[in-house]
Amino acid sequence: MRLPSSIFVSVSLFTAETTAALYLSSTYRSAGDQIWQGLTLLFTLVPSVLVQLTLTFIHRDLGRDRPLVLLLHILQLGPIVRCLEAFCIYGSVGRVEEPYVSITRKKQIPCGGQSEEVERQVGQAEGKLFTHRAAFARSSVIQAFLGSAPQLTLQLYICALQQGVSIGRGTLMVISLLSIVYGALRCNILAIKIKYDDYEVDVRPVAYMCIFLWRSFEIASRVVVLVLFSSVLQLWILPVVLLNFIVFFFYPWILFWLSHSPFPENIEKTLTRVGTTIVLCLLTFLYAGINMFCWSAVQVKLCDPDLINKSQNWYRMAVYYVLRFVENASLLLLWFMYKTEVYNFICAPLLVLLLLLAYGIAIFFMLVFYQFCHPCRRLFSSSMTQGLWTCSSLLCLSCNSASPQNRPTGKSPCPPTRKEPANDGAQDTSSDTTDDMPNETAYDMLNDTVCDSPNKVSNSICVGINGDINHSVSCNA
């Protein structure tokens, strides 16, 4: 059983950022900057409350008799208590005999041949640790993009206005940046675990390093661009931010409306339709907050039972990064045109070039990750480069759709004798389906229950034109 180090990192970043923000707000109060003090506290307390609610919701403490734990969550000490509980569970493994164990079956990543199933026993302690890891992974994402990202943007904006960096503000900015990058990393790992839930996924250290560099350059350059633009055009930054939020907030809802799917009712049995709607709105709000600063590895799909899109869509990712690069370049151009004498001490053209180069480096590390370091790259229908090449070919086909050879001419010297189907140069679509396997046992880690399914479990891989991979697993009791 692995040491719950990810839980310790999450709690450490949460505690350090909260402490640094409270100290910095006290310095703002002493200096008489009530506006900066209020905004600093706002971006600290609101995500903290959301983290407490997330941990309580995932652990289902509202339906259990644990008043002390609920009180500690109200006092904003829930993550510390959960971390201590997780390490106590880890320390008790092997000392107490498990009353019962469940059996899980995971497939290994195929290496040139067919994948083999690995069966192993999972005890109650390991199941509880899995619940803790899942809860802290989601809370880290919430803390990163609903708290740390706005906090870093605010403090960097204050530095640009005051033309100086204090020790407290610099410390908070460093911790906030680490929290955002860690939250983005956890989002990537969470997306891999959800999409390839049937497989035994092993993420290597080189993959972690590649994701860390990719997210660091992407988020840092994005935050600096937003701060530079807002420092010279304060009134125009609000429409830019609102437009990004509105587009990404309503995008999953528009896809859900176009799919004509029924309203999802399987999120939580105790929730009413109003409660389910609130949870879905919070989920899409978090999705919009992530895409404001970086590409969200977890794509929300409200018509899916798991609310997650399990396909790997290269086309959507390529469109996002192209549009985001164009937006960053446009904002930097406007900043360069309207910059004030505050920025006379820096070389503006060099700064613009460095920020665009940093975003390009982020895209480079992203390509390296998906091409060489992704733990499930053998399951891709096409590699990252092939997927991007397909996207560019589709774009060229759409641009050339009105070309002369595709349009009927007024005078044709040689009329065609027969009509052949047009070939758009798209890639073939293949489908590989594994054989059905009876008597599968699925373990629901979040509920600590065992689901014995005598029916068949089918795992199908559907390959789409954009390199999509869909996995569906059914467990019928």
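The backbone N, Cα and C atoms fix where each Cβ goes, glycine too.
Unlike curated entries, TrEMBL annotations are predicted automatically.
TrEMBL has this to say about the protein:
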- 403-439: region 'Disordered' (REGION)
- 36-58: transmembrane segment (TRANSMEM)
- 166-185: transmembrane segment (TRANSMEM)
- 206-229: transmembrane segment (TRANSMEM)
- 235-258: transmembrane segment (TRANSMEM)
- 278-298: transmembrane segment (TRANSMEM)
- 318-338: transmembrane segment (TRANSMEM)
- 350-372: transmembrane segment (TRANSMEM)
Request  = Between the transmembrane segment (166-185) and the stretches 235-258, 278-298, 318-338, 350-372, work out which stretch tops the count of Cβ pairs under 8 Å.
outcome  = 278-298
Ask   = What stretch, picked from 206-229, 235-258, 350-372, has the most CB pairs under 8 A with the transmembrane segment (278-298)?
value = 235-258
Ask   = How about the transmembrane segment (350-372) and the transmembrane segment (235-258): do they have 3 or more C-beta pairs under 8 A, pairs 6 or more apart in sequence?
value = no
Query = Which residues, given as numbers and ranges, are at least 6 beyond the ends of the transmembrane segment (318-338) yet have a Cβ under 8 Å from it?
reply = 221-222, 225-226, 228-229, 231-233, 236, 240, 291, 295, 348-349, 352, 355-356, 359-360, 363, 366, 387-388, 391
